[in-house]
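Going by Swiss-Prot, these are the annotated features:
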ACT_SITE  His47  active site
ACT_SITE  Asp92  active site
BINDING   Tyr27, Gly29, Gly31, Asp48  Ca(2+) binding site
DISULFID  Cys11-Cys70  disulfide bond
DISULFID  Cys26-Cys117  disulfide bond
DISULFID  Cys28-Cys44  disulfide bond
DISULFID  Cys43-Cys98  disulfide bond
DISULFID  Cys50-Cys91  disulfide bond
DISULFID  Cys59-Cys84  disulfide bond
DISULFID  Cys77-Cys89  disulfide bond
Amino acid sequence: NLYQFKNMIHCTVPSRPWWHFADYGCYCGRGGKGTAVDDLDRCCQVHDNCYGEAEKLGCWPYLTLYKYECSQGKLTCSGGNNKCAAAVCNCDLVAANCFAGARYIDANYNINLKERCQ
């Protein structure tokens, strides 16, 4: 669920508050359209698509609870997760790891979506 995703982000990117990823580019935050503005925004675009695939399985990605571990900045999804929990955990894990490897550009935070995300 979103609370667990926030904690995953904190695991892989402890130096930056999670909310910096909630309103970034065209895809980080609710919804998303247009062309991703950079690599970090592409992480969110992939995450959005992953949630879309989970929904096709009949899952509720924003609400699904899953089991995972964070150890020294490394995430693992637990093997005991059911189909939906495993799918959503994997979406969040991939995104959190992607965030850790992408450059954060302050100018892409809280952008004008109407102008830049056509």
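Even glycines carry a Cβ here, placed using N, Cα and C.
Using CA atoms as reference points, the disulfide-bonded residues Cys44, Cys59, Cys117 were checked against Cys70 (disulfide bond), and the closest is Cys44. Comparing Gly31 (Ca(2+) binding site) with Cys117 (disulfide bond), their Cα atoms are 11 Å apart once rounded.
In the three-state DSSP scheme, Cys70 (disulfide bond) is classed as strand. Between the alpha carbons (Cα) of Cys44 (disulfide bond) and Cys91 (disulfide bond) lies a span of roughly 10 Å.
Counting other Cβ atoms within 10 Å of each Cβ, the lowest count among the disulfide-bonded residues Cys59, Cys91 belongs to Cys59.
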